[in-house]
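Peer 1: My questions will all concern the structure given below.
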């Protein structure tokens, strides 16, 4: 085995480290740049936005684009629709997924395996498969002009049930038995012992439901016939259609308004989110 | 074969300083045991030598050559890990052969060396097996074989026997001693088990809180401790330490160096006390005795005492250790201290 | 045997506690009912509809396998959509997995810099696909997009990006990779970190080159998670819609038309040929079923674990 002098390895390690650091910086820029570009474009004048080559830093800062967004569409109204839909889904899921997950986790009953297989099947069927029949269904019951088509189909979420069941099953049986010996009823056991111990799983599941509903585009596109009930993700399209020749600052301003809350929320919670995701991923 | 020298090495994890300014020389061909309670930095030290947990500052020399920044694979050392760290995706043969392949040893020589080593550790029939099919003892042999096949200048072992059951541990212990006799290579062995260190080492490096408390041969460490820590860490049960009056320091003696109801002709430490408990250890008995200065442990072949009996303990002046207030051994001017100790004899 | 006893004991205990036999059914009932209405019924209805001519308004007319015949043998646009979807999926899967693994090896150590980069990479995952699509449309813009500006800066010929039918599909695929790579990275990293560090250290002591260490030790040990990702990414790529709809609308020509935009177009835009769209939907269903089946078969065999 040939060994070089200590100094060689010292320099090699230092060079590699420096190189790696530079490349990491480049990558961070690559992944964050689109957001930077979105925000700076939103503050540019229309004239500056179509300059070629573009300016990396706006020469004149203007809020015009944001004002125009407000003039063209009632963005608050669409944001309100998004909030109503996302919150309703999350709340409904609490009342439907948690009991179901609890039933699967802690009871034995006839047909359990069959029902569980159905849940797993539902887990695998994407909305892109079911949308035609569901659309026909809602049109038959005349609910297409309401927000229900965006809410009801997601009230039961197979993924959420799966995740929470896993976590409910991890509560040790001894603990539940101890509670029974302390004369706790079934409901008390669920609300005072099992649910608090599974809090992080429930939070993760609910958070992802919220984000995916908030971000959804395909389903509301298919299920809505009128502007009144559209979420903000679809409203963006009207900015695009509303004029001939795209005005990018306006589109980016609208996007900034939609993206910013999520970005801020993430920066506040990022460590926690990454940890719970990593934990889930490793299983 | 190699001498390892650590010069002024420090290691910290974040703000926690594990080792500060440590100097140590490990002689070529010695069986050196790094001994100490958990968290004392002995494994950290071993990992520094291996190169898998480099020192924060300081230099490491191997036969006089600086290897501080040399990657582990180029250091010509082999390591046996506590949990063996066997590659789970490879067969036993592949495990042993892996390093030779990495070092581009020709196939013929490779096979020869693998089989010779497998023969030595008794794994010949298991070469085709997967690690998951092996017992704990067999895995430990794979780990050993993997280290041996490299023919390294230094063997590093991190509590390699701690995951084995008691019987197997004893058997492997003597095999390792034998192996060292055969190879005459430097062995650096980490353990927290003082019995193991006594049995195997020709040099013990006793550590506590990142510093070396004493480095010496096992006999010296046992009979001639440099400080209270060494006296108390080594020995079963640990040495009795009693404070001397007037903040003069303390006195210590080993439980097995105490006579019960001995004659009065010799000078030494003598007290009367009440036996609190009696534990039979087979040929010997361990007594816990209350004397005016505190509680002492005594190991004696005198089986007849019972709990509640009164007895006189006596430790010869030859067997007494004196320590200063910092816990360091006092080796000079002990007459006054002896008087102090004797002066209160009943 | 002991399991039966345990169940029996549980049942007895449950009776004593006054838990009715119907309690579990009451618990799972609402969820199962909703799934029946919004998943299982539509599933059956989709297959059923695929055998009819139906335009939402008129009467259903039984067409037998007619829709499938048109799908596969008469029109060529379905094949185009299918092959586009396959190319798109292949691109996204290969790039995502490759990059996720590379980045995971590179960011394996948990340091401040690495954590920051990991966070930066994860950020796009939380943003809606639509927003991402708009932002990238703007960057891909022919006239004043930043990407062309960069090409110009280096003196390279400008590209037409989304308007170039040869590369439009790959441009859209790049957005999908950019958006989700951070998430895949987290999963791969988590599984890399479950490898006992001693094993990697032992490899280092054995003078293993980094490349060899990766192929002989790391890769085999993370293969179950990689396989899980492979299937997840494949399935999610097969249902791509949002980016295509926003960025290209399936164009130029049919260059980026994929299965779901195809189904959507026929169901809602082209005279509502619902039966025909359902047939295409059924094909997508079958593809997803096969993928899922393969996944569970392979999982049963366990790719590798001690």
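Counting starts with 1 at the first residue shown.
Positions of Cβ are set from backbone N, Cα and C atoms, glycine also.
Pulled from TrEMBL, these are the listed features:
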- A:79-269: domain 'ABC transmembrane type-1' (DOMAIN)
- A:21-39: transmembrane segment (TRANSMEM)
- A:83-102: transmembrane segment (TRANSMEM)
- A:114-135: transmembrane segment (TRANSMEM)
- A:147-164: transmembrane segment (TRANSMEM)
- A:200-219: transmembrane segment (TRANSMEM)
- A:248-269: transmembrane segment (TRANSMEM)
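Can you tell me where each of these features sits in this structure?
Peer 2: Sequence-distant neighbours of the transmembrane segment (A:200-219) (same chain, 6+ residues past either end, Cβ-Cβ under 8 Å): 82, 85-87, 89-90, 93-94, 97-98, 127-128, 131, 150, 153-154, 157, 159-160, 163-164, 166-167, 231, 233-234, 262, 273, 276-277, 280.
The list of residues near the transmembrane segment (A:248-269) in space but at least 6 beyond its ends in sequence, with Cβ under 8 angstroms from a Cβ of it, reads 35, 37-39, 41-46, 49-50, 64-66, 68-69, 72-73, 75, 79, 211, 214, 232-233, 235-236, 239-240.
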Peer 1: Counting Cβ pairs under 8 Å to the transmembrane segment (A:83-102), which of A:21-39, A:114-135, A:147-164 comes out on top?
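Peer 2: Most Cβ pairs under 8 Å with the transmembrane segment (A:83-102) come from A:147-164.
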Peer 1: May I ask for the residues of the chain that lie six or more residues beyond the transmembrane segment (A:147-164) and have a Cβ under 8 Å from a Cβ within it?
Peer 2: 81, 84-85, 88-89, 92-93, 96-98, 100-102, 104-105, 119-120, 122-123, 127, 130, 134-135, 138, 198, 201-202, 204-206, 208-209, 213, 216, 219-220, 223-224, 229, 231, 280
